[in-house]
Every structure is written in C-alpha cells, then in structure tokens.
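Please see the structure below; I have some questions.
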Amino acid sequence: MLMHASGRPGKIEIVPTKPMSTQRDLSLAYSPGVAFPCLHIARDPSLAYDYTAKGNLVAVISNGTAVLGLGDLGALASKPVMEGKAVLFKRFADVDSIDLEVDTHDVDEFINCVRYLAPSFGGINLEDIKAPECFIIEQRLRELMPIPVFHDDQHGTAIISSAGLINALDLTGRAMADTKVVVNGAGAAGIACLELIKSLGIRHENVILCDTKGVIYQGRAEGMNQWKSAHAIDTPARTLAEALEGADVFFGLSAKGAVTQEMIKTMAPRPIIFAMANPDPEITPEEVKAVCPDAIVATGRSDYPNQINNVLGFPYIFRGALDVRASTINEAMKVAAAKAIAALAREDVPDEVDAAYSGRRLRYGAEYIIPVPFDPRLISAIPPAVAKAAMDSGVARRPIIDMVGYSRDLSARLDPVAAGLQAITETVRANPKRVVFAEGEEEKQIRAAVAFSNAGFGHPILIGREDRIRETMRATGLPAAESLEIVNARLSPKTKDYTDRLYRRLQRKGALYRDAQRLVNQERNIFGALMVESGDADAMVTGLTRNYWQAFDEIKRVIDPAPGELMFGMTVFVAKGRVVFVADTTVLERPTPVQLADIAVQTAHKARQMGHEPRVAMISYSTFGNPSNNRAERVREAVDILDARKVDFVYDGEMSPDVALDPELLSHYPFSRLKEPANVLVMPGLYSATISSKLLQKLGAVPVIGPILVGLSHPIQVTSMDASANDIVTMAVLACHDALKRETVK
Ligand SMILES: NC(=O)C1=CN([C@@H]2O[C@H](COP(=O)(O)OP(=O)(O)OC[C@H]3O[C@@H](n4cnc5c(N)ncnc54)[C@H](OP(=O)(O)O)[C@@H]3O)[C@@H](O)[C@H]2O)C=CC1
Ligand SMILES: CC(=O)C(=O)O
Ligand SMILES: [Mg+2]
C-alpha cells in the first residue's frame, strides 16, 4: 500500500519527447506548427504513425469484472492492476501505454465506448473482463477496429502456459498426443489456454474442463454457455477430484485453494501442475511438494520458481505486432510467441538474470521451465518471432526486411550499453577476430566465450585444460559454440617459441630461461599476451582471477606501451541517449599537466574511434578560476599545453563536472569553447576519478563499461574480478574493435 501511495500516487506519469523550453519549441509542437501534421494526416491516415505517438501506444482497457482472481471489483478498483499492466508494457518492451477503466457491465455499452478509440492507439489490450462477456467483446471489437485487439487474460495466458507446457512435457518425456489434461476454470483464461494447447497437439478427448459446478461433460445443462460446451466431453467424471485421477497435467485458472493435496496424490507419476490463479494459486508449491516431490509446479506469482504469468507475453507480443503495424494478432503469431518463449528457457541464462533472482543459478529443468520476467533477452527473442509470423501470415502492413538488425535494435531499446555500442558491435561482427580468453577454465569466461562466438563476434580461444573446460561446459549445460578453440599452455607446440620471446624481453631484468619457461607454462595471462604479441591471436581479455593490478603487471611483462603513448584507464558511462568517457580511472595517481594533456588527447582519440565526436572538459572542483586556488593550476596548465599543441578537438577547462555536463550551467560561461555539454571528462587525479566512477556504478545510477585499458601496444583488456559473462563479452568486443582500428591505421 505504501509503495502505491508514496510520492506521486499510482505508477505512471507522462513525459514529453520533444523540447518544451522556448517559445520556438511551443510554436513547433503546438500552434501554429502542429497544423501541418494535422493536414497531412487528414490527407493520408497512415501518416499518423509517422507524426504522432499512435504507433507505439497501447490502451489497457478493463471494466473490472474479473480483476485477477479477485472477481468483479468494478472499473475503479481495477485501476491499480491496469496501471501496473501499462508500466509493464513500458518497462519490458518500451511500448507506451495508458490504462482506461470503462464503468459499465453492459457488453454493448463497453463495445461502443472502445470501438471509436482506434485513432488514438496502435493496439488495444483488453484486461480482466470476465467470461463469457469477454469473448463477445473481443470478437466484436476485432471486427470493428482496424488495429490489434488482444484480450490478455485469454491469449497472453494461453501463450505463456503453452510455452511452459511444451518444456514440462519435454522434461518429463511426454508427447502432446498422449497427455491427459485437466483445466480448472472455464473463463477467459481457461478456455483460451485450452484452445491453444489443443492447437499444439493436445487431443480433445484427453482434456477435462471444470468450473464451479465441476466437470463440464456432454449433456450438462447447469451454468453452461457455448464456449464451455465446445469443450464438453463424454466422461463419467463429475468432480474435479474424479477428473484429476490419473491426469498428467493440471491447469488452474480458477481461484485460490481450488485443489487439495489428496487430489494431487491421485495424478499420474511426475505430474505437471500449473496453479495460475492470482494472487493466490489453486494450491501452493509447498503443498504439492509435500505429497509429490517430483511434480513440476508453476504459479502465476513472482515469489516462486516457474512464474507462468502473461507478463512474459503481452509486452513483447504487442512490440512485434506494432513494429510491423499488424492489423491483428492471429493464431500464427501466438504460436510463434509460445515457441520462442519455450526455446529461450533452454538457453544459458546471463549472470545479470541470476543476480536479479538472488543469485539462484537458473538452468533448464523442473525449477526453470520458463524464462524469468527480468530476462533481457525476451525483447530480442519474442517480438521478431511475432513479427515474422505476422509477415508470413499476411497481416503485417509494414514488413521488416532486416530481421537480424531488428533483433539488435530491440535489445538496444532497453539496454543503454548495447545501444551505445551498437556501431562497434556491428563493425566487429563484420570483421570477426581471434580473441584469447586467458582464464579459460573459469565458468564465466567459458560462458562469455560461447556467447561471443554465438553472437558472431569471432573465434574465441580459451586457455586451459581441455577436459576441465569441456566438463564445465557439460555441467553448466552450455549450448555448443559455433567456433571455439582450447589451448593448453603446457601442451602447445608454440611454448618453445613463446619462451624464447619472453626470455629475450626479460633476460636483462633478472629472469633465467627457466623462469621464462615457468611463466609461459603456468601464467595464463603471460601465455595469452604472448599469443597476441606474436600474432597468433588478435586480442585478449582477462581479469576474473587476479586483481586488476596483478593482471596488468603480468601483461606488462610481455607487452609494451604503444610508442609515444601513456597507459591509463578510461571508463565509459552510458546513460540513455548519452555516452560519457571518463579518464584516467586506473593508473596515474596525480598526473602532471603534460600527462593530463596526453590523457585528453588519447581519450578524445578513443571516443572518436568509438563513434563519438569528442568534447573534452578538463575537470576540477573549480570553474574558470572560481574558487581560485593554486591546486587547480595543474589543470589550467594542461589546458595551456593543449592550446600549444593545436589539437583537433574541442576542449576547455578547468571546470567542475556539473558545468561540463549541464547546458544551462555552461551557458553562464559564454566565452567557453565548449558550447555543448562535454562527453569526455579528464579527471584531475585518480582519487576523484575512481571514487566518482565507482560510486555511480555501485549505486546503479548509470551503466558503466570498463575501465578500458588505453595505451598498450596490443589490444588487451582487463575486466574487474566481479565482471559478469556479459561484461567480459563487451570487453572482448572492445578489444576486437581496437584491433580492427589498429589494422586500419597500419
Ligand atoms: N497467471 C496468469 O497469467 C493469469 C492468471 N489468471 C487467473 O485465472 C483466474 C481466472 O481468471 P479469468 O479467466 O480472467 O476469470 P473469469 O471470470 O473469466 O473466469 C473464471 C472461471 O473460473 C471458474 N472458477 C472460479 N472459482 C472456481 C473454483 N473454485 N473452482 C472451479 N472453477 C472456478 C469460474 O467458474 P464459473 O464459470 O462456474 O463461474 C469461471 O469459469 C484468476 O485467478 C486469474 O488471476 C488469469 C489470467 C492470467
Ligand atoms: C496475470 C493476470 O492477468 C491475471 O491474473 O488476471
Ligand atoms: Mg489479467
């Protein structure tokens, strides 16, 4: 209750997407400028998708007659759920959404209220409207409206439970055609789930449907309607208890506590129990496990494993449908979504997802038959499947030509890091490289290497013992990599050559030949760095097992700084729509003015290499002499040095970070050469740089990449020891990009 009431009451607000600060902004967004799109849309209605928010806007509409499993609470009391659905659209699929509660129980009044809203929206999500009215309402609105109309409790639930069923049958070795199912609840959700599982291969005669009156058998008269009778079968069973005897699967879409432990005991061995009523299931997982420990159990709730909830579907199904401007959401699109969800559960789960679920290692099996809602891969897995099915079934009004590009754009919608690096990842994909993953026996590095390979970035080389690595891959259920090489330093035919190379470097630094031999055999960072140095690999990543400085020292034994360059660390902050490079975050404690100037030049160069035209601010606690203190002099001198060097990028300082990043504050200094906010911040020292960047990172304020090592003569990156497999892939991609840029310069 507190959460819903705190701050601005409720869960949504509306934010403008265009500037609204000046008179000119107003003239463009409102009168007179707004007249132009109006006139254009009047001539060609399809232009509404180009000049208004329609194409990304969905209405969540309810009359509150079946609010979750709480029954008919009325339109107003349904608003918290509908606001919730609207924010889930935004959070999970970047679909803008608004809730509309329609205060009538009358089917025709409801239809007449909604049918005229098509101009406003790209789609209509009907929610929590009870059966059988919901069937008539949806059917009529689908006929009357030229945009997708989708009753989520029917089809969203059907799609997710079908995906869960596909996997639960797989895990228990059952075939659709032989599986006996009992569905409890013959309302919106129950009937739709039943129809979809039948279209996937469950046989009509193998399903018993029940409602508050018990089994829906052929010839029953009480409490019937045409949707129930379509599923009535010839059976002697009359009660839910009788129906469940020997059944393989239970689907609960009814109400809290509808099933007992006694009933579960009579089901077939290893039963599948989806107790999906919200907020409380038909039976709790604890109750099931107490009488049947090997059952596969799912609920609609977030606090148990296996959440079968339509939140896994509706945001992404609409995303795909909107993106091809589908006229409707048809059966082919629903089946495609169910299959995409089922397939995703069988893939390796990213660390970030495990972390969001209290570190529980999620792996395809009885406790993980379906992806979790916070899985960021859902957005690139489901909408493309839905969009493709729409195109193949002829309901897409704007087909997507580049489906691979579409999937990538989808991940970038929610992941600022992916968006910030998109140009780089594309370049790397087009020019795959050989990358050493030096700590090749570490599970995270193995998973990163597999992901790197399967994403098409290049050829990973894991350093380690083949049997150990293969065993880890088997134990963690990793999918096969498209390409993967394993090099054991002790067995490699290159060891002699590498030892000679290393000995030449170290012989006058106190090392004997056998010391070099030991380093090559035992230190994977040294072996890996030698692979890169000798041209046997293009780049390398490491950092999980040694702290940053140890790893860095080992690498420096093999690799020199680039001629004339300074070695330092650069951290990249990626906020939505904004990328900021901060340096030096790792090496120089108190850079001299010349070093500060060097850091500025090299960081500006890196920013440009990564596709961002640099605007450099030399950071201090003071701004252009205020407050005046000779401690800021070092930074001022660095600016003078840059002046003398006539560098090819915009820079200025000294200035404090708020001035550097805020256009309003910057405008108080009209003489500044920086006219727009800086995107490169050169910090005055290591204290300020590391403290500020680690604070931001650990508070989760902004996604961070790095620190990225700058100034080595070969592309090698060191991650932090707590890096996730995803972070490692990002660093590997950056190292590859660096390798490519060096080739271009050569
Ligand atoms: N996990 C998920 O994603 C979703 C879960 N649900 C849940 O499914 C349930 C039904 O929702 P919905 O279909 O929209 O609602 P409806 O009002 O359309 O249908 C409810 C159905 O459940 C039946 N029913 C109610 N209580 C019992 C009971 N004790 N035993 C047997 N049948 C019962 C009713 O029977 P009768 O016809 O005799 O009245 C009716 O057929 C809710 O709990 C809801 O939270 C719904 C959508 C998504
Ligand atoms: C999840 C959902 O939509 C429901 O329980 O009604
Ligand atoms: Mg619902």
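Even glycines carry a Cβ here, placed using N, Cα and C.
Annotations in TrEMBL come from automatic prediction, not curation.
The domain 'Malic enzyme N-terminal' annotation in TrEMBL covers 9-142. Among the features that TrEMBL reports, NADP(+) binding site is placed at Val67, Leu68, Gly69, Leu70, Gly71, Asp72, Leu73, Gly74. Sequence annotations record features per position, and here TrEMBL assigns active site, proton acceptor to Lys85. Annotated divalent metal cation binding site per TrEMBL: Glu127, Asp128, Asp153, Asn278, in sequence order. Taken from TrEMBL, the feature domain 'Malic enzyme NAD-binding' covers 154-391.
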Less than 6 Å between Cβ and the nearest atom of ligand 1 is the rule; apply it to the recorded positions Leu70, Gly71, Leu73, Lys85.
none
Among Lys85, Glu127, Asp128, Asn278, these being the recorded positions, pick the one whose CA is nearest to that of Gly74 (NADP(+) binding site).
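The smallest Cα gap between Gly74 (NADP(+) binding site) and any of the recorded positions is with Asp128.
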DSSP secondary structure for Asp153 (divalent metal cation binding site), reduced to helix/strand/coil, please.
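DSSP call for Asp153 (divalent metal cation binding site): helix.
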With the divalent metal cation site defined by Glu127, Asp128, Asp153, Asn278, which remaining residues of that chain have Cβ atoms positioned within 8 Å of the Cβ centroid?
Ser62, Ala66, Val67, Leu68, Val81, Asp152, Ala188, Ala189, Asn310
With DSSP helix as H/G/I and strand as E/B, how many residues of the domain 'Malic enzyme N-terminal' (9-142) fall in helix, strand and coil?
67 helix, 16 strand, 51 coil
Given the binding-site residues Glu127, Asp128, which one's Cβ is surrounded by the fewest other Cβ atoms within 10 Å?
Asp128
Looking only at Val67, Leu68, Leu70, which of these binding-site residues has the biggest number of Cβ atoms within 10 Å around its Cβ?
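By the 10 Å Cβ neighbour count, Val67 comes out on top.
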Among the binding-site residues Asp72, Asp153, which residue has its Cβ surrounded by the fewest other Cβ atoms within 10 Å?
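Least crowded of the binding-site residues Asp72, Asp153, by Cβ count within 10 Å, is Asp72.
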Counting Cβ atoms within 10 Å of each candidate's own Cβ, which of the binding-site residues Gly69, Gly71, Gly74 comes out highest?
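Buried the deepest by this measure is Gly69.
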Relative to the mean position of the Cβ atoms of Val67, Leu68, Gly69, Leu70, Gly71, Asp72, Leu73, Gly74, the recorded NADP(+) site, which additional same-chain residues have Cβ within 8 Å?
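After dropping the recorded site residues, what remains is Gly64, Thr65, Ala66, Ala77, Ser78, Asp128.
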Which residues does Leu73 (NADP(+) binding site) neighbour through Cβ under 8 Å, counting only same-chain ones at least six apart?
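Listed in sequence order, they are Gly64, Val67.
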Quick check on the recorded positions Lys85, Asn278: which one has the highest count of other Cβ atoms within 10 Å of its Cβ?
Lys85
